[in-house]
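Some notes on the structure that comes next.
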Amino acid sequence: MHAYAHSSFRARALSRLSHHLQLLSPGRSLGLQGPSTIYFRVRASSSPQQQEHKVAMANSKLEQIIPALCEVVPSLSASSQKGQAGKVAVIGGCREYTGAPFFSAISALKVGADLAHVFCTQGAATVIKSYSPEIIVHPILQESYAIDGDEASVKGKVLVEIEKWLGRFDCLIIGPGLGRDPFLLDCIKEVIKSARNENIPLILDGDGLFFITHHPDLVCGYPLAILTPNKNEHKHLVAKMMSGPKKWQDVPDNDMEGQLKDLAKQMGGLTIIQKGKADYISDGTSVFVSDFFGSPRRCGGQGDVLSGSVGVFMTWARDFFARSGNSKARAHVEQSLFRNPAMIASLGGSLLLRKAASEAYNKKKRSMVTTDIIELIGDSMEEWFPA
């Protein structure tokens, strides 16, 4: 992108951001002028001055973060070709779970990826296809109950079909709606190995995390891997990988930042997003706490939106570092954010989900569901990263 275009792009984004970062009088839920609202769970004993200071600090951080993320998000151009903005694949979807892979894939498209594929079982394919014509669905995966014949032969055929596509993707999202069928998970083990050999980024969520908890060696030491555990999934990983309690129920809740940093370091420098009221993000060298915006509504499927969003930002972040050289844009990103594309992707996906969820909650309150969040991804992207 030309320097002038980048400068104009950042200026428009910062102007929009500044418009929405004007403080109002603090209260239990602290509002920002415009459609955005930052929800802070402030203790009742907190003074108005303390509450106002917290909002001011959040605003200050956003004013630093968003312009830097603008450098990473590619601009749209009439000369662009299909696929340049990202090609992602979701590995997941079985008879019981068809919504999760759809949420992940459609979120990737709403964020700005050009193409989204879903590799699922035959029993899930027709259902997922019926949700959206924009998603390319591959009914390739097999579950144990459906295998008629030699398992090794069937496994070989499944892997051949998946691996002939792998080189076309910028990122794999493994786990949404995957299920825990032993044969299916055995195939996933080989997919992860192949993706790692080809340096394809991996986002692991849901049942993908369950699998990795039992086979952490598959991703340990792989800097292009991002894990997205919730609180309990995080505790399972800590119990598996760290010295200390070996039952996940006994893992303490205190010092979440230090615990997460140690876990990411123990796993060889991959990146972990520990989801919750605040999202804790670490690659073993630093920790970022993403507590902007958000929603008190805990409808199912938000983690799938996160995985799709992070997958797209990972594609963009890697591409940015590959083409930026020693430019001022790169220096801006490294000084304001991180040098690690996985950390940038995690932050971008976290912020976007939290903002879209906040906007959806403002409109729907208790009736908010994940599709309401997905419908507001585009507006949230345009507000922060104008096309």
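All residue numbers here begin at 1 and follow the chain in the order shown.
Using the three backbone atoms N, Cα and C, a Cβ is placed for every residue, glycine included.
Summarising the annotation, TrEMBL assigns domain 'YjeF C-terminal' to 65-384.
Taken from TrEMBL, the feature (6S)-NADPHX binding site applies to Gly177, Asn230, Lys231, Asn232, Glu233, His234, Lys235, His236, Asp304. Within the same chain, residues at least 6 positions away in sequence whose Cβ sits under 8 Å from that of Asp304 ((6S)-NADPHX binding site) are Gly99, Ala100, Pro101, Phe103, Ser104, Ser107, Pro176, Gly177, Asp205, Gly206, Thr370.
A sphere of 10 angstroms centred on the C-beta of Lys275 (ATP binding site) encloses 22 other C-beta atoms. Residues or ranges marked as ATP binding site by TrEMBL: 275-279, 294-303.
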Largest separation between Cα atoms (Å) of residues that the record links to (6S)-NADPHX, namely Gly177, Asn230, Lys231, Asn232, Glu233, His234, Lys235, His236, Asp304: 21
Neighbours of Cys299 (ATP binding site) among the binding-site residues Lys231, Glu233, Lys235 (Cα to Cα, within 10 Å): none
Cα-to-Cα gap, Lys235 ((6S)-NADPHX binding site) vs Arg297 (ATP binding site), nearest whole Å: 23
Cα-to-Cα gap, Asp279 (ATP binding site) vs Lys231 ((6S)-NADPHX binding site), nearest whole Å: 10
Among Gly177, Gly301, Gly303 [binding-site residues], residue with fewest other Cβ within 10 Å: Gly301
